[in-house]
Every structure is written in structure tokens, then in C-alpha cells.
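Noted in Swiss-Prot for the protein shown:
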BINDING   70, 72, 73, 74, 75, 184, 187, 222, 223, 224  GTP binding site
BINDING   74  Mg(2+) binding site
MOD_RES   82  N6-acetyllysine
MOD_RES   91  N6-succinyllysine
MOD_RES   91  N6-acetyllysine
MOD_RES   237  N6-succinyllysine
MOD_RES   259  N6-acetyllysine
MOD_RES   281  phosphothreonine
MOD_RES   289  N6-succinyllysine
MOD_RES   315  phosphoserine
MOD_RES   364  N6-acetyllysine
MOD_RES   421  N6-acetyllysine
REGION    129-132  region 'G3'
REGION    184-187  region 'G4'
TRANSIT   1-46  transit peptide
């Protein structure tokens, strides 16, 4: 193993790179493997990180950048960290550190949702940089699922584009109620009237998707100018205005701390010498070090214990709903787990294969299907961090479901997954979002339904 390989391995565990307990064992093991002069610096970095404890002294809010590919979402994320780092509110993350997968750097696009943290004077933020490329909408759905609000990035020289619409639609479907707009690349446009037209288009689009288009804060600027320290009006000051708007327009959500904990697993990592880490955003409840838990879904029912919790490299004794965290789990290998599982308090919830739901079928104009569908139509359901093939079972009196209709019908999943009353989901067919819904009831499977052939 090379020094670079070891560093890559450690960077691949963004929530859990340096647990205090057992770090000596980890570092000694790496020293024996590498015998490289560069390692002591790595060791010192890990040792320092291991001592940090997350202090909950401000309200915590989850936000994210959404928008069309190459409109500057990642550049803006980097610029925010740079500006806040000057006052001690963040650690500066370069563009390359946010787009950290080799394929992303090679293609110049964000594929997986990336997470950074920062603090304003009023709040602590976990910021998700959501992928904008059309091929990676599945990852974008996972990225936006836990967001309390979004920053929609639109390039002034392009205006709203296809993924601008799709991201707004998906954000609306999964319950993101507050959006702030950043019109980026204003330095590339000489005509101020063009910028005004772009702003008008954006406000109309927001209204079309059910947001308050006239009230939504729209900030014009250049993330690249902010990042490079040029043109303070378009650069530094625009990002400061954006952060003020996020602080004031996106409310601190009410967190459900009373119910048993529920953590949808976004990713799974292996930390050498320590064990396996699952990451995600705690949907509800309180998760503490030492808690017993179950991991459910995808035909799995695994019982284990949480032996450590971190948020952005800082240790936590307890995590609260809304926290973006990594949890070390006892006695499990990375290959035992996968994204889409849900970590819960033992016995608090069980997977279901059949639900009743209220579903809005998107019209052709909204990017949905052009034609109606019949019973046993098979889209893919997306909810929390999982996706699963399902069958739509229309009521006996309903022969066809038409685009634009709001219907109640049953859904049967290929495998039981975590579903409960009030849970939101999205239905997709190929690369098209066809519907959005809410679970109204969980149902028992009939013998006939248990024998359905899925092919």
C-alpha cells in the first residue's frame, strides 16, 4: 500500500477519519505497512482530529446546492467555505476537495452528493453539494432527502435549464419547502437586462413548482470571483448576502426528538483497525454511543451496537434528529451493509411490502408520462435513501391512471422496505419522474400477491 493509497482510504471515510479510541492501533498498523516518511504528518493530523468534540452551541440546519450541471454549484460551495474560513466559521474546501471522486474530476461534474460543514454567526450548517448531471439523478434524490432548504444555482449566461427544472421538481416532491436562489456567473454577462430576465424566469419557475416565487430571495453574483478574490461586489459581498438570506429565509425546522431513532443509511465505509461506519442524516430521535440498533431493508435484519458517533470529524456522545453523522457499528463488515438500509431502535418499526398511498401523477408538461398506465405498471420507488421496483395496483373501478391525476392506489414492492404512514416517496420510470406520493397506510400481503412473479 502506498502513502497515497492510505490517504485515499482515510479520505473515503469523511465522517469517521479519527476516532480517539483505538487510533494508536490504526496508526501503528499503517506505519508498519507504509514505512514512509510522509506518514508522521498524517498521524499528527489524525491525532488532532481525534480530540475534537462537536459542541452544539447553535441551531443545526441542513442545506444544499442544487441546479443544472456546470452552473457553479461546487464552485459556490467552495467559495462559501473560503469566505467563512476567514472568520473561523469553516475550513476552506477547495473545488477539488469537494469533487473528490476521480471520475468527477475527469469529467468536471459532481456525481455523488458531497458534504461540507460551516457556521455563520447564527447557525451551524451541514451543506450537501448535489450532483447536477442528468445521469446521476438517483444520487441527487439521495442527496436532497434530508435537506431543510436549498440554494438553487442558475448561471446568468444560461438561465434555467433542464436539470434546473428537474432539481426543483425533485426538491418539491421530497418536501424541501424553502429555496434561496444564487444567479451565478454574473461576471460573464455584460447586459444587466439579461440578468433581470433570468431572475424573472427563475421566479416564474419557482411559482410553477409551488414555491413563493415573488418572495424568494434572489442574489446575483459570481462564485468564481469570490473564490479568486476578484470584484468584491460580485464576489465576496454576493456570497455574504446569500448567507444572510439563508440564515433568515430558511427556518430552523422542528426536530422530532421524542420518537425512536431512525437513520437512513446513505453510505457504508470501512475504517482499518476500527470497523465499519454507516453514514446518513438522522431522520428523528436521539442516537447515543452504546445504543443497540437494527439495520433493516433489502432482505436484511441485522442487530448490532453503535460503538461511536462522529459528525464532520468531531466526536459525539449523542446525535439528534437532523445531524449528518457517521456511526461505527460493532462486528460488521462493509460487505454486510449497503446504502438504503435503515438503522432503527430494535422493535420500533418493521419493513413493509405493500402500502396504500395518495399519489400525484405528473403531467406531460411537468416532465411526467405522456400516456396513461394500467394496473401492474412497474416503476421504481425512491424513499429515504433506498430505491426499489414496485407494482401499482389501481382500484377495481379505475382502469387507467392519467397524467395530471391525483389518485389513491396500492403499491407492492419487490422486497419489504421501511415504509410507514406519512412517508414521502417519488416514482420514476427510466430517467423520468412520473409521480410523487405519501404513504397513507401499510397493508398485509394476500397469498396471491406473495406469489407475484417479478421476472
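Each residue, glycine too, has its Cβ placed from N, Cα and C.
Overlay of Swiss-Prot annotations on the structure.
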residue	record	contacts (Cβ under 8 Å, 6+ apart)
82	N6-acetyllysine	92, 226, 227
91	N6-succinyllysine	81, 85
187	GTP binding site	222, 224, 225, 230, 231, 234
237	N6-succinyllysine	221
259	N6-acetyllysine	284, 285, 348
289	N6-succinyllysine	306, 307, 308, 309, 316, 317, 318
364	N6-acetyllysine	370, 403
Rank aside, I only need the closest one: which of the recorded positions 73, 74, 421 has its C-alpha nearest to that of the residue listed as 'phosphoserine'?
74
Using the alpha carbons only, what distance in Å do you get between residue 70 (GTP binding site) and the residue listed as 'phosphothreonine' once rounded?
27
Calculate the distance in Å between the alpha carbons (Cα) of residue 421 (N6-acetyllysine) and residue 75 (GTP binding site), and round it to a whole number.
39
For the region 'G4' (184-187), jot down how many residues DSSP puts in helix, in strand and in coil.
2 helix, 1 strand, 1 coil
How long is the line from the C-alpha of the residue listed as 'Mg(2+) binding site' to the C-alpha of residue 223 (GTP binding site), rounded to the nearest angstrom?
9
Identify, among the recorded positions 74, 75, 281, 315, the residue whose Cβ has the fewest other Cβ atoms within 10 Å in this structure.
315
To the nearest whole angstrom, what is the C-alpha distance linking residue 75 (GTP binding site) and residue 281 (phosphothreonine)?
24
At a 10 Å cut-off from the C-beta of residue 73 (GTP binding site), count the other C-beta atoms across all protein chains.
29
